[in-house]
Amino acid sequence: MSIASYAQELKLALHQYPNFPSEGILFEDFLPIFRNPGLFQKLIDAFKLHLEEAFPEVKIDYIVGLESRGFLFGPTLALALGVGFVPVRKAGKLPGECFKATYEKEYGSDLFEIQKNAIPAGSNVIIVDDIIATGGSAAAAGELVEQLEANLLEYNFVMELDFLKGRSKLNAPVFTLLNAQKEALKK
């Protein structure tokens with residue numbers, strides 16, 4: 001199967017909720033994909049195929065998943081690729097010494113952490129999450145990968161809200177599996 005055919009089938013499983021969590025947003029819930037093992041496998045296969053095509057000569061060493069929805073498919077993708085999985089968590093959730101990065105949210109700021117010994121310097125890393133909106137949390141994860149002195153190859157997202165221009169904040173190429181939302185909902 002091609003990436004486009006995987007995406008077409010996966011898109012049919014999404015549930016849409018207009019004006020959630022705020023006015024102008026069409027929330028596309030991708031959780032129904034995980035209720036169907038066949039669709040979940042196709043989600044993983046689509047990302048794996050993309051990464052094999054995008055980086056045929058490069059060994060990927062780690063998948064870094066953002067709390068919390070990056071945890072839903074990041075470990076399974078890492079397993080399918082035969083690489084390690086490393087979580088980026090909210091402050092205070094990881095033991096030991098951690099690097100920290102702040103990001104802005106709608107109502108203030110938040111802090112992400114990654115363990116200092118999680119990834120050896122020079123490792124090749126892919127960051128995954130469910131959606132890119134404003135790009136703040138993904139940019140913070142990218143900053144953490146830089147603090148580890150690893151090579152951030154790409155950000156991978158299931159979906160994207162294009163009109164929020166989040167990818168402009170990111171320091172590496174972006175791949176979005178499912179069709180992006182080009183504009184906000186009309187009021």
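For all residues, glycine too, the Cβ spot is worked out from N, Cα and C.
Quick look at what Swiss-Prot lists:
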type    : residues                               : note
BINDING : Ala133, Thr134, Gly135, Gly136, Ser137 : AMP binding site
MOD_RES : Ser68                                  : phosphoserine
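A Cβ within 8 Å of the Cβ centre of Ala133, Thr134, Gly135, Gly136, Ser137, the residues given for AMP, is found for these other residues of the same chain: Tyr103, Glu104, Ile132, Ala138, Ala139, Leu164, Gly166, Lys169. Ranking the recorded positions Ser68, Ser137 by other CB atoms within 10 A of the CB puts Ser68 at the bottom.
Using a 10 Å Cβ-Cβ cutoff, Gly135 (AMP binding site) registers 22 neighbours. If you take the C-beta of Gly136 (AMP binding site) and look for same-chain residues 6 or more apart in sequence within under 8 angstroms, you find Tyr103, Glu104, Lys105, Gly166, Lys169. Annotation for the binding-site residues Ala133, Thr134: lowest Cβ count within 10 Å of the residue's own Cβ, Thr134. Rounded to a whole number, the distance between the Cα atoms of Ser137 (AMP binding site) and Ser68 (phosphoserine) is 11 Å.
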